[in-house]
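Asker: Under the heading Mo-bis(molybdopterin guanine dinucleotide) binding site, TrEMBL lists Trp177, Arg393, Asn503, His507, Arg550, Asp580, Asn815. What TrEMBL lists as domain 'Molybdopterin oxidoreductase N-terminal' is 49-79. The feature domain 'Molybdopterin oxidoreductase' is assigned by TrEMBL to 116-589. Under the heading domain 'Molybdopterin dinucleotide-binding', TrEMBL lists 715-833. Among the features that TrEMBL reports, signal peptide is placed at 1-24.
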Amino acid sequence: MMQRRSFLKYAGLFASLPFVSQLADRSTLLAAGANKFSTDLVLNGEVYTAAHWGALRVVVKDGAVVDSGDAFGEFKPSSVKNPRYLDGEKALNSLDMRSSVADLIGPNNGFDRTNRIKAPMVRKSYLEKKPNNKELRGRDEWVEVSYEQAIKLVSSEVKRIRAKQGASGIYGGFYGWQSSGKLHSARTLLHRFLTMGGGFVGGLGDYSTGAAQVIMPHVMGTLEVYEQQTSWQLVLENAKVVVIWGSNPLSTLKLAYTATDSQGLKYYNELRKAANEKKIKVICIDPIKSETIQFFKGKADHIKVCPNTDVAMMLGIAHTMLTSGKYDKEFIENYTEGFEKFADYVLGKTDGVAKTAKWASGISKVPEKQIKALAKLFFENRTVLMAGWNIQRQHHGEQAHWMIVTLASMIGQIGLPGGGFGLSFHYSNGGSPTTNAPVLGGINVGKAVIKENWKSTEEKERSGAIPVARISDCLLNPGKTLQYNGRVITYPDIDMIYWVGGNPIVHQQNVNKNLKAWRKPTTVVVNDIYWTPSAKMADIVFPITTSYERNDLSMTGDYSNLNICPMKQVVAPMPKAKSDYQVFADLSSACGFGDAFTEGGKTEMQWLEEFYTTAYNRATNAGITTAEGEAMPDFKKFWEDNKPLTFAPTAEGEAYVRYADFREDPILNPLGTPSGKIEIFSETIAKMDYKDCKGHPMWFEPAEWLGMKNKPAEFALTSPHPINRLHSQLSNTRLRDSYAVADREPIWINPKDAKEKGIKNGDLVRVYNARGEALLGAIVSDMMPRKVVRIFEGAWYDPADAQQDGSMCKNGCPNMLTLDIPTSELADANIANTALVNIEKFKGKAPELTAFMPPKGAK
Ligand SMILES: Nc1nc2c(c(=O)[nH]1)N[C@H]1C(S)=C(S)[C@@H](COP(=O)(O)OP(=O)(O)OC[C@H]3O[C@@H](n4cnc5c(=O)[nH]c(N)nc54)[C@H](O)[C@@H]3O)O[C@H]1N2
Ligand SMILES: Nc1nc2c(c(=O)[nH]1)N[C@H]1C(S)=C(S)[C@@H](COP(=O)(O)OP(=O)(O)OC[C@H]3O[C@@H](n4cnc5c(=O)[nH]c(N)nc54)[C@H](O)[C@@H]3O)O[C@H]1N2
Ligand SMILES: [Mo]
């Protein structure tokens, strides 16, 4: 193994830092601190950085990346010898996303499928101002322009739209996972530019937990989905039953929004051990025999629920508890609100339908006996319900987590170690205890420099932000009103989209509708590193640096704060690429507020020193040391040391039990709900009088599911998160060679279904419904139940014929097939996992994949 931390610096090497040129007067005040640190690039040696997929150690040889992997351990291989048909633990363990740094940088490293945007480019007919040019979006040729010309085009367009229409004309498209980093946060930088410049239309919520994060504050008084969980150690010591409900943590824990702390696997290994020794019963509720279930090697009970019917199943459990009297009446009495109204519904007093185990079984296809057995098992044992988020990315998704909380209330163990429920054990290693690490500062959105120009306060209130997943509906229907969490939103008339750090053409449901929507505004600008489908649907693109071509800082573990990582520039930037910071600083200058944007011309290293020093001062004042008991180094030393700092969990972190204080004294420590208690019935929601979300959790029939009458298609499609990449990110690396089937995204199909359709492993499959069609490669696997197919989200949309509306996606993007309707009037969240599709063996000549090729005119 290469020696860690040793590196050779080439004296005299000048690292061309992609940074702000215009140093204003005020910066001389700060200049004292500038250039204090060596920002020379390491030509041969090791560099430490971080990404969503973890703290990274990168090996550099002659200025190019030759290897990369876990900052703290041995490197794992980046490819497997026998690709295709990777499932279970093989898929989980064989590949390491951390190995793909070289591929992501692209051309410099001899990997050309990366598809980098190499220069600022403008769509030809847009540049020529052709009247029909919007129709040609996504179909046109591209022309290279100078960086200065691109800045001028975009800044004058922003000014034009602001003058004509005000803030409501510009959508600050931010949604996306961008790259890690406290400074180069594309989303914050875009919003800083648009906030300082006079406002914009923003987004409400997110795609991940759109339904849960609106319902949970009504029920629990908090977001719940993005909060620290009961410490895993306490779960392992106290739980007798662990229910992994609609969640695939062995896959989803590979990433975090900051950078993963990689602690999750340790706890799941211990859980597996406890299951083997029969100390803990593990139950997984999932239509699919997921990688997590396979990880338990038969030691976890798999309950195969019909997709989109978990709420019915839970109601059957609740009915069993209620009628057998085996539920915690005392907990219900002391800690919850409105249980009687829910009980009346469960017993059928309000709608004439008793939600018996038999009734639930008819819908969910989980045997009646099993439903009854679960009710007893949960009540009689210390049980924790660990729910994932897929079940709320479904039609009426609000009900799923509301019902999880209701069941946990009936079990009566909320606030006890190893009991209750948790909505984030599968995400960012929730339950990995919080450390004493001081938190880094970061770039913020700032304040308006140019006065906000909304037509009225009322306009801002009604149209200032729209639920993120309603974007295509909004573009297509300006002026339309919709209900959202008790208020009315009026869709603004958006004439310009500026998107950074996201891939909306891939992540939004119903791609064909979205493409139509994206052809409405006059101007679309995208900053991205690569020619993604969204970049291809723009008019102007800026070529952005990878996080390996700039300096930054990150922490690991969204909840644990385990490490503070230097994100040191690894290689020289691609010649014409700029950081988002540079682009927005220059756009701000062109709009007259550059000095405010850069706070007087701060350099990259000055920002980083400031962010680090915020943490350093806290540590110094509070006497916080690293896990090794050392004082936190000052920035200069930290930067030169070139390695992440690790902090130790606090005693409180290790002993943390979610809702322990509420349980101890609900009067002194009430929840943030109107009643201060868990709202099984919410008067607030009941008063909204929505037809698709009532005062207590209920079963609503989804728009499309296997049990419906007159099914529009034969198979239920679920599109969970990909194991070996992050959404669409990393698709353009060699990792893809290990999972692509016939050079397409895989679709998992049950063997009997495949046989009926004449489909074999490795065949090309056409998947279609009324909304669109896509081409995929078959994986025939008994992990799939009958009539359910799985396609991971994130495939780069690649139309067979871009000139044609509704053209097939050659690469297999599942959003060709999904429904773009809201969960309900409460949250208006996406329902990516509610859809029916048809499948057939693809006949004819396989079209060439072009997803990872630049558009016409681009190199
Ligand atoms: N069918 C279906 N669809 C889904 C889901 C599902 O379950 N099923 N899940 C949904 C969910 S939960 C999510 S979170 C979304 C994810 O959707 P996104 O977050 O949009 O997906 P990413 O692929 O992470 O897109 C990030 C983009 O940012 C770019 N990028 C990276 N670093 C930088 C940078 O420094 N600057 C700039 N300007 N760009 C950068 C990347 O190249 C990439 O194009 O998908 C949603 N869509
Ligand atoms: N490797 C990897 N990890 C990630 C991401 C990634 O892209 N790649 N993305 C991150 C992001 S942004 C998010 S939002 C989270 C997503 O976290 P989640 O939303 O929890 O994850 P999903 O992968 O969508 O689905 C989890 C499980 O739900 C199951 N499922 C599908 N339909 C049903 C159903 O009707 N009932 C039940 N009971 N189960 C069902 C699926 O089979 C799958 O095993 O993951 C994060 N982690
Ligand atoms: Mo997400």
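Cβ coordinates are placed from backbone N, Cα and C, and glycine is handled just like the others.
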Asker: Counting other Cβ atoms within 10 Å of each Cβ, which of the binding-site residues Asn503, Asn815 scores lowest?
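Answerer: So among Asn503, Asn815, the binding-site residues given, the one with the fewest Cβ atoms within 10 Å is Asn503.
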Asker: Of Arg393, His507, Arg550, the binding-site residues given in the record, which has the fewest other CB atoms within 10 A of its CB?
Answerer: His507
Asker: Might you list, by sequence position, any residue in that chain lying six or more from Trp177 (Mo-bis(molybdopterin guanine dinucleotide) binding site) with a Cβ less than 8 Å away from its Cβ?
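Answerer: Residues satisfying the criterion: His52, Tyr257, Gly501, Gly502, Leu726, His727, Gln729.
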Asker: For Asp580 (Mo-bis(molybdopterin guanine dinucleotide) binding site), what residues in its own chain, 6 or more apart in sequence, show a Cβ-Cβ distance under 8 Å?
Answerer: His184, Ala186, Leu189, Leu190, Val500, Gly501, Asn527, Ile544
Asker: Looking at the domain 'Molybdopterin oxidoreductase' (116-589) alone, can you tell me the average pLDDT?
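Answerer: Summing pLDDT over the domain 'Molybdopterin oxidoreductase' (116-589) and dividing by its length gives 97.
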Asker: Roughly how wide, in whole Å, is the group Trp177, Arg393, Asn503, His507, Arg550, Asp580, Asn815 that binds Mo-bis(molybdopterin guanine dinucleotide), by largest Cα to Cα distance?
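Answerer: Pairwise Cα check on Trp177, Arg393, Asn503, His507, Arg550, Asp580, Asn815 gives a maximum of 35 Å.
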Asker: Using DSSP, would you call His507 (Mo-bis(molybdopterin guanine dinucleotide) binding site) helix, strand or coil?
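Answerer: The residue in question, His507 (Mo-bis(molybdopterin guanine dinucleotide) binding site), is helix (DSSP, three-state).
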Asker: May I ask you to report the DSSP-based helix, strand or coil state of Asn815 (Mo-bis(molybdopterin guanine dinucleotide) binding site)?
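Answerer: Its secondary structure by DSSP: helix.
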Asker: Can you list which of the binding-site residues Trp177, Asn503, His507, Arg550, Asp580, Asn815 have their Cβ under 6 Å from some atom of ligand 1?
Answerer: Trp177, Asn503, His507, Asp580, Asn815
